[in-house]
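Take a look at the structure set out below.
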Amino acid sequence: MHSSTSKRGVLPGFGITMGYSVLYISLVVLIPLSALLLNSTGLTWEKFWDVATDSRVLASYKVSFLTAAAAGLIDTALGLLIAWVLVRYEFPGKGLFDAMIDLPFALPTAVAGVSLTAIYSANGWIGSLFEPLGIRIAFTPIGITLALMFIGIPFVVRTVQPVLQELDAEVEEAASTLGASRFRTFRSVVLPELIPPLMTGFALAFARGIGEYGSVVFISGNMPMKTEIAPLLIMSKLEQFDYAGATAVALMLLIISFVLLLLINSLQRRVRKTAK
Amino acid sequence: MKKVLKQGLIAGLVLAVSLVAAACGNSGSGAKEVNLLNVSYDPTRELYTEFNKAFAAHWEKEKGEKVSIKQSHGGSGKQGRAVIDGLDADVVTLALGYDIDAIQQAGLIDEGWQQKYEHNSSPYTSTIVFLVRKGNPKGIKDWDDLVKDGIEVITPNPQTSGGARWNYLAAWGYALHQNNNDEAKAQEFVKKLYEHVPVLDSGARGATTTFVERGLGDVLLAWENEAWLSVEELGPDKFDIVYPSESILAEPPVAVVDKNADKKGTREVAEAYLQYLYSEEGQTIAAENYYRPTLDSVKSKYKDAFPEIKLFTIDDEFGGWAEAQQKHFSDGGIFTQIYAPK
């Protein structure tokens, strides 16, 4: 009796659920991705390399990855702050504020892009304040970063918030009764617990930023070699019926992103292990 | 609060159900009705809304058969791709011959489509003009003025926008003629022109927004019909249209998607639909929507609306779309060289 339950595993129905999981992952992720791979097979290896490492394409990767990383990092800091305020303090309108965090998810990204451009362009509300200082926001990498921050912020808040909520206030109290300063308590007691979710939040915001198209095309100005993002180059190749070229750039983007995400994941695992 | 939510949900549900019912009802009851799908590009929405009504009335009078025409609009290249990928279009009315060529290469349209109807299968034409701010404060008269110091030009990216390819080629053709067909000089001119472009929007509507709403730039390169629409919609007190000394003859072509029409049995009505674009009524509707008519009688009637300027065609100047595309916009083409690092 005892041995048979352990053989069957803790929860029932592994076979069926595993089947469903594999089916759904195949339908939604694996098959579309392999179609992408198949589309690029119209290219020889050399042609693929030529397309994927063309100087304009390389410049666009640089813009995409740097702005996504910058936006991800800023979001990580801001997201932590927002989550902290939401979890630790009570204030009027908190529920509304909390719900608003998710709005960037619901808004069509193109709408976000158009409104951000309207506000931050030289004659917009905020852009016109910066213009006299010689700072242009719209149509520069700053604008792109801003758009990516907007769409990435919910990822960080929503991954950090629950962890922060679970954190035992008693541990912090214990630290302070043992004589730790507030900063010391935060650094040695709270922060270690938050690093894994912060990294997850960063990875999600970063990944989202790399592939983002709709909100960026309006605010970036799309100048080749300067503010052109990789997804736009993919679109421009598709516009000219160059499927193979488009998938070559897309594939390259995917490979780089995957390697970066893998790196972040393994780093996160290590952090978690040393924390334990 | 809860009550409001409940009522809202019910209202939404009722709406959804009735919409579904309406959609089903439409396709169910119209057994004798012929359905056509016209896949077109962005700025023709108003034109075809009007034309479809006119054609449906004409067809019913002629054949006693009801025809309902559905429209699909989007970027020209995107629309072409949708048809290749299986959008069931009976006819395509796109911005460039190149996009229809691509559909032909996918095997959906028979060869020689461009000779099937008059004027290279372009029932109406247009050209590229300049939209400037009221009173033309920078004194822009011709293409040369666009590359002067302190002038900012707004035009979309020719690699993402079909319309922008006409802009680019218009500038190129002008420079060729100014320099005794010296290609190197033309390239220099176009390169200089794009150095005056602060923002490359991905589509024509985006460029118009940049110019009109964001107040960026001194001149917008635009299709003649789009320029007139902008002036009409945004008030004639804000913008002026400037006609350069010469420009390109933009020929947005039309074609029956042979494979789809044969499969759906709509060839006869699809062909009549396109042919009707050339009729007196079709041409008048085109002219009313600021497209240049090709029928002489309508042309003379709208003479004052469309100033005569020197126009060159893509076939004469560039050897057709395939060649222009390959030479200027493909990878390593002249447009990409403009932005190559020094």
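From the backbone N, Cα and C atoms, a Cβ is placed for every residue, glycine too.
What TrEMBL says about this protein:
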type	residues	note
DOMAIN	A:61-264	domain 'ABC transmembrane type-1'
TRANSMEM	A:21-45	transmembrane segment
TRANSMEM	A:65-87	transmembrane segment
TRANSMEM	A:99-121	transmembrane segment
TRANSMEM	A:133-157	transmembrane segment
TRANSMEM	A:243-264	transmembrane segment
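Scored on C-beta pairs under 8 angstroms, the neighbour of the transmembrane segment (A:133-157) with the top count among A:21-45, A:65-87, A:99-121, A:243-264 is A:65-87.
Long-range Cβ contacts of the transmembrane segment (A:21-45) within its own chain (Cβ-Cβ under 8 Å, at least 6 residues beyond either end) map to 51, 243-245, 247-248, 250-251, 254. Listed by sequence, the residues of this chain that lie at least six past the ends of the transmembrane segment (A:99-121) yet keep a Cβ under 8 A from its Cβ atoms are 82, 86, 127, 137-139, 143, 146-147, 150-151, 153-154, 157-158, 212-219. Sequence-remote contacts of a segment are chain residues at least 6 beyond its ends whose Cβ falls under 8 Å from one of its Cβ atoms, and for the transmembrane segment (A:243-264) they are 33, 36-37, 39-40, 42-43, 47-48, 51-53, 57, 61, 64-65, 199, 202-203, 206-207, 210-211, 230-231, 233-235, 237.
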